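First the structure, in the form of structure tokens, and then the observations on it.
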Amino acid sequence: LQISDALIRRVHMTEDQWGKGTLTPRMTTDFDLNLDNAPLLQSIHQLDFVQMKVSSPVPAPPILQLEECCTHNNSATLSWKQPPLSTVQVEGYILELDDGNGGQFREVYVGKETMCTVDGLHFNSTYSARVKAFNKSGVSPYSKTLVLQTAEDTQSEEQTLPFPVPLERSQLRRMSPFSSTLNLQPSFSGRSYFELRSSAHQLSLHSSLQSLNSAVAWFSFDPSSAHADIIFSNDNLTVTCNSYDDRVVLGKTGFSKGLHYWELSIDRYDNHPDPAFGVARIDVLKDAMLGKDDKAWAMYVDNNRSWFMHNNSHTNRTEGGITKGATVGVLLDLTRRTLTFSINEDQQGPVAFENLEGLFFPAVSLNRNVQV
């Protein structure tokens, strides 16, 4: 299709005339705006910020919740919270406890939790506890100090301590079949060979130097920390196992200082197995013989001989074993940091372990052929 030049020129002219005659001019994008902020400023100045202001970025002192704080045997549970009106962010808490003798405070817990249970305290002792909060800006002042009293001696039972024990030791703590805590305060220094004897309701100490009456606090095996194959009976004072493999069970009470002694009776012993007796940390292996890892110190024994074992190292083979009705004694001396064993009231081998320090729980490993 061919279009003449004249027609093209006419179209351009018509377009120009249309634009000039009918289209309105475009408006500019710029405009003036005036805002009156006086009412807004007046409202802001009338606001009250007293409760929302933070005088310091450091947390406020925590508040101990006395209704939730308690003691059980030689364990203490403490609970705390931040003040209700405190808005400062807290990253964690530091719980401090003294040594039970009015000594310096030391940190026993650092973390975000607001409740903590401290195990392994001394029986019949008074402890002071306090807590403080912290964040990136610093540490809060201490809370009020809480005074805690651990359990007093309550029960007694007949047992004999067959070892020579020096009376110059400041305290003697003793457990009989998972019972514990006899306090001995000697009136003079010296050494004596002595026995502990008792009737059904009274415990007496007989020696050539000194005699006294005292009771002991009791503890039992702990189902909550034991291996699932362990079978409990007799109010958790008797245990056996439903597996042919060795399984570990601990006592409920841990010890960190003092002199402690307990005995275990062999109720059943079939096919000459190797039960192990001793002490362990709370996180010891539960599916292996006691002493296989570095968190247990034990003596394992069959019907003829015994060995000491720690961290899978076997030492001091000693003649003499166990049968049904035998008694195994464990003497944990945390004053001298030693562990000694006995069978039927006779010391079995030399001092088994030395340089022990920390929190220890009574421990046993056994299989289905043994009941203690």
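Glycine residues also receive a Cβ, built from the backbone N, Cα and C atoms like all the rest.
Taken verbatim from TrEMBL:
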type   : residues : note
DOMAIN : 1-50     : domain 'COS'
DOMAIN : 58-153   : domain 'Fibronectin type-III'
DOMAIN : 199-372  : domain 'B30.2/SPRY'
Secondary structure composition of the domain 'Fibronectin type-III' (58-153) [DSSP: H/G/I, E/B, coil]: 3 helix, 44 strand, 49 coil
Limited to the domain 'COS' (1-50), I'd like the whole-number average of pLDDT. 77
